[in-house]
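If you check Swiss-Prot, you get these features:
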TRANSMEM  21-43  transmembrane segment
TRANSMEM  58-80  transmembrane segment
TRANSMEM  101-123  transmembrane segment
TRANSMEM  138-160  transmembrane segment
TRANSMEM  167-189  transmembrane segment
TRANSMEM  199-221  transmembrane segment
TRANSMEM  251-273  transmembrane segment
TRANSMEM  288-310  transmembrane segment
TRANSMEM  323-345  transmembrane segment
TRANSMEM  360-382  transmembrane segment
TRANSMEM  395-417  transmembrane segment
TRANSMEM  427-445  transmembrane segment
Amino acid sequence: MSVSSAPPSATPGFASEVRTTGLLALPLVLGHVSTGLIGFVDNVIAGHHGTATLAAVTIGTSLLWLPMLVPIGTLISLTASVSQLLGAGREREIGPLFRQALWLSLGLSALMFVFLSVVPPLLPTFGIAPDIVPGATAFLHAVRWGVPALTFYFCMRYLSEGMHWTLPTMLLGFGGLLVLAPVGYALTYGKFGFAEHGAEGLGMASAITMWVQASVFALYLWRARRFAHLQLFAHLEGPRWRAIGELLRTGLPIGITVLMEGGLFIVTALLIGRLGSTEAAAHQIAINVAQLCFMIPMGVAEATTVRVGHAVGRGDPQAMRRAAWAGYAIVLGTQALSASALLLGHDAIVGVYTDDVAVAALASVLLLFAATFQFPDGIQVLSAGALRGLKDTRVPMFLAMFSYWGVGMPIGAGLGLGLGWGPKGMWVGLILGLTVASILMGLRFRQTSRRLTATVTP
């Protein structure tokens, strides 16, 4: 097998690869949209119940989802493993691997359950206001019962995505929204014969939604002809530590990487919050818009993981490179559109969020910064997705650590707080951190893919 040195876009199959990746990514993007809408519904229900309820749910969801990034990121290694086995024609190994991933998800959920049990008593030491602590504690104690279902759900989701079937991610995402909205409303406000639980009610509704999503997904995988030959639930072996260890070796660095990136944005928000309510509100608007834009490259990156992994399993380095380049092409196009929309419509976008003149003025400027980091943000997440398809995760973890916490945070804090640039300085740090990450991740993929090509090419 020989690999052409010409750009993959010059090959006849490139347009087909772009189409395949795009179709694979679309349900994933919409699935992320459904997740964002769930957060929106939570805020609306809690906000109308009371300021203390909204604050409690905000604190509770932050303490749930930030550490939850580690198990979710760890389990995503299943996508590349399944995709590579599928590409290699070793589908009989997928069922046993999936069942070991279930054991891993059970262990990870147990750790999360313990975390959510021990954190609430510590909330006062974090400086949380006394009137918020009871609601946040009740929310966390309720939602923790859904964590096992949540990890099982992601395990099944990543299996399905590795098999090139992403539609359930979208359907179950919006299905969860249809469950959460009425149940959350009933339990929070005490409607339809239920007692009023406030913030705890939203935690209960979230846990119920998690179990409904996981149960429906399991039933679908059990009954669907598409997965029948995998015999996913034919039997359950005991834990096989070698297989679980392999999933951990590949997946844990992903979980840590995702945690470091999420931590960068959360710490940035906390530091900006120290500057004043106007600065905090403006930053929240800008970062919310940026997160909406990020859903597209994130979905494309997940699809690229699948396509790259499948090509690696087939032993086809040319297809692997073509899959990666297709992902880059889509992301560059979508990020160009996002950046253009932010540059041309930043004032109008801010107007949807607030009527406060001071907040709007600063948020409008920050959206210009958000437009600037569209390209590095898209490239870094796409490169990380392509590297996951190669099962190259350990070095990217250190690259992310350096980029976000060795470059982005020190520069942002130095400019924003040290030199008095305020939120603008913090956003410069975000841009530089993401830019360095995009360069290093891109170079790492180039190096790793070339090494893989050399091992396959005679």
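Note that Cβ sites are derived from N, Cα and C of the backbone, with glycine treated the same way.
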Do the transmembrane segment (251-273) and the transmembrane segment (395-417) come close, with at least three CB pairs under 8 A (pairs 6 or more apart in sequence)?
yes
Intrachain residues whose Cβ lies under 8 Å of the transmembrane segment (360-382), provided they are six or more past its termini:
278-279, 281-283, 285-287, 289-290, 293-294, 297-298, 300-301, 304, 327-328, 331-332, 334-336, 338-340, 342-343, 346-347, 349-351, 353-354, 403, 423-424, 427-428, 430-431, 434-435, 437-438, 441-442
Intrachain residues whose Cβ lies under 8 Å of the transmembrane segment (288-310), provided they are six or more past its termini:
17, 20-22, 24-26, 28-33, 36, 76, 79-84, 86-87, 161-162, 164, 166, 320, 323-324, 326-327, 330-331, 334-335, 338, 342, 349, 353, 367, 370, 373-374, 377-378, 381-382, 384-386, 388-391
With Cβ-Cβ distances below 8 Å as the criterion, list the same-chain residues six or more beyond the ends of the transmembrane segment (101-123) that contact it, or say none.
59, 63-64, 67-68, 70-71, 74-75, 78, 132-133, 136-137, 140-141, 143-144, 147-148, 150-152, 154-155, 158-159, 236, 239, 244, 247-248
